[in-house]
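**Q** The structure that follows is given in the form of structure tokens.
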Amino acid sequence: MDRRGVCALMVLWAMAHLGSPADGSRSLRRTTGGRKGSLGLTGHDANGVPLRRSKRGWMWNQFFLMEEYTGTDMQYVGKLHSDSDRGDGSVKYVLTGEGAGTLFKIDENSGDIHATKRLDREEKAFYILHAKAVNRQTNEALEGESEFIIKIHDINDNEPRFTRDPYIAHVPEMSDIGLIKTALSGMDREVKEKYLVVIQAKDMAGQMGGLSGTATVSITLADVNDNPPRFTKTLYEFRVPESRELGSSVGAIRAMDADIGQNAEMDYRIIGSDGPGMFDIISNRSTQEGVIVLRKPLDFEKKRQYSLRVQVENVHINPRSYKMGPFRDEASVRITVEDVDEPPAFERPSYVMEVREDADRNVIIGTVSASDPDDKRSLVRYTIDRRTDMDRLFDIHAGNGSVYVLRDLDREENAWHNISVIASEFDNPRLISRVPVYIRVLDVNDNAPTFATNYEAFVCENAKANQRIQTVSATDPDEPIGGHRFIFSLAPEAAGKANFSVRDNKDNTAWILTRRSSYSSLQRSVYHVPVVISDGELPALSSTNTLTIRVCTCDREGNMKLCNPEALTAKAGLSTGALVAILLCVMILLMIVVLFAALRRQRKKEPLIISKEDVRDNVVSYNDEGGGEEDTQAFDIGTLRNPEAIEDSKQRRDIVPETFYPQVRRPVLPPSRDNNGDVRVFITQKLQDNDSDPTAPPYDSLATYAYEGNGSVAESLSSLESVTTEGDQDYNYLSEWGPRFKKLADMYGGDDSDS
């Protein structure tokens, strides 16, 4: 039977229980004891005979309607009828309430009620409406308003639905029977992890005509630790150079575990080794690897291969899986050490040496030793890192490593010297190693004791004999093993006529005592007491230290009243003002003497130009500033570059020559075309000529060497170029050159008698 047939059966069942006629016609009639205008619910049989119900058996205020009506016409609900309705059309039926006018419509003439739409009980199970009959003309109510309910009958139109789709469940593998039973025993996650199960639900207890729904359940097998770890190989091999640093990785091994998560976590450990403590293994939780690390330094020359036995085991073991066997595995590891060219190795990590501070130079104080650890046994060369021995106090023999003294030592200056010795191979000097050498300088008694400080002692004029005026102590930069033991005494040369005595207290101190009573500052204001201090070492050293004692004026209790230079001068009758006046007078007299000497020297100084008859070149000084490069009238430094002015010897022009040279005419050299002469060389040569001249005066002088320059019509005007014999030379043309050359025309022009 299909769904439509089931719905028809349910409609018949409902009508049978409601007492409705077979044609399903229903009417609502309201009666009040035969009162006119009553509205009631009436039903008619197939022949049209009214059916009357007792008051208790009929609920007149309810209509029933099937949901999900599939007919083409509107579904008939029921009929309203009033006793006032005579069939003449004067009565109008009005319907109000839930769904009135939209879901439910009433024929205002006949009172028939129809459902306009398909109704769904799951959306709304009942509707409350109100009906009344009114006069069509006056719109007045013919009777009171009646309320009735339309209930929607349910039909099986919804299949069962699951609240979730899909369902996700996790079931441990190898689980026991549960709500959802496993069809296979021993389900293994490592074989298949996920399963999809479709579950169907039916209503009506699974009877015919019921609806059903399905849902998918995704079942994931959760992992349990049912697989032990296994190494992929029985032997792992690694190669590592002997220079590998401590703590670095040598290699990594890994075991495989079919489980996942914490069930696959593994611990590695070394259970056997032929080099105890050489290696260690660390478990890496992120990669589940066992990392082998180096713990002790390798040496290819001592051991070239190591063998290890490594075990791996699961961290988290399921007790139910013990019956499957041990959850561990073992493997062997072979590590081969590779040879590396290593630097020389010292026998000790550091060296300590001792040397006396009075040791002679080139004395050996100790030896360092290093060797090449490689099989080739290369020779080793030793040097000292000079950055650690800046003063070059020590040196080392390059071949045997003997450290010796290179310079004199002084313990009092530096008691320890820390140097660094470098060892390198002859075959490969780049391979070096260092070792610290600590040199201790041993003390030698080479310093005499002296006063511990500069003492200022005084004695009162009214002092008594054997009175203590000062306590002195001594110091010695040496450090004897038994400590210092100083001996104080008065110098022998002062013992006979001493005014003071020295008493040794045997505790490295001494007292200075007076040997007589009463001292006079007028007779002698200062006494110098020589004190001899010697140490108790072998050989003993001593020094004489002078203690200055001033004589002061004191009161009766021995307190000093006057004991300074002002007091001493005051007793002599000179005040401070008098001393200052005397000093000023001496300074003024000294200044007058210096000024007078300077004036006399200036007067005796002979001028450079004595008379007009001096025909030598004159140096004329102008105090005006030149105009720079554009000043063509000023002196040009280019004149110093004339090589024609260089001659072997020239007369000085700042002194009068003792004898006149004969006037010998010399040929005039043609002007040189080379303008690039070295000015520095030229000036240096002239400076040497003047310095070596024995006739030079004992004061600085200025000598100029100048020429007019190449390209000049007059050529050079310097006397250096002038001929010694001027008889054949005509200088009358100088007067034609203008007033600037008038001086030269007067000097060189005219008759020979003038010259």
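Here the Cβ of each residue, glycine as well, is placed from N, Cα and C on the backbone.
Automatic prediction, not curation, is the source of TrEMBL annotations.
In case it helps, TrEMBL gives these features for our protein:
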- 82-162: domain 'Cadherin' (DOMAIN)
- 187-231: domain 'Cadherin' (DOMAIN)
- 232-346: domain 'Cadherin' (DOMAIN)
- 347-451: domain 'Cadherin' (DOMAIN)
- 451-567: domain 'Cadherin' (DOMAIN)
- 21-46: region 'Disordered' (REGION)
- 1-24: signal peptide (SIGNAL)
- 578-599: transmembrane segment (TRANSMEM)
**Q** Look at every Cβ pair spanning the domain 'Cadherin' (187-231) and the domain 'Cadherin' (82-162), keep those 6 or more apart in sequence, and say whether at least 3 of them are under 8 Å.
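**A** Output yes: the domain 'Cadherin' (187-231) sits against the domain 'Cadherin' (82-162).
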**Q** For the domain 'Cadherin' (451-567), give the DSSP counts of helix residues, strand residues and coil residues.
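**A** The domain 'Cadherin' (451-567) comes out at 7 helix, 55 strand, 55 coil.
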**Q** As a test of reading the model: what is the averaged pLDDT for the domain 'Cadherin' (347-451)?
**A** 92
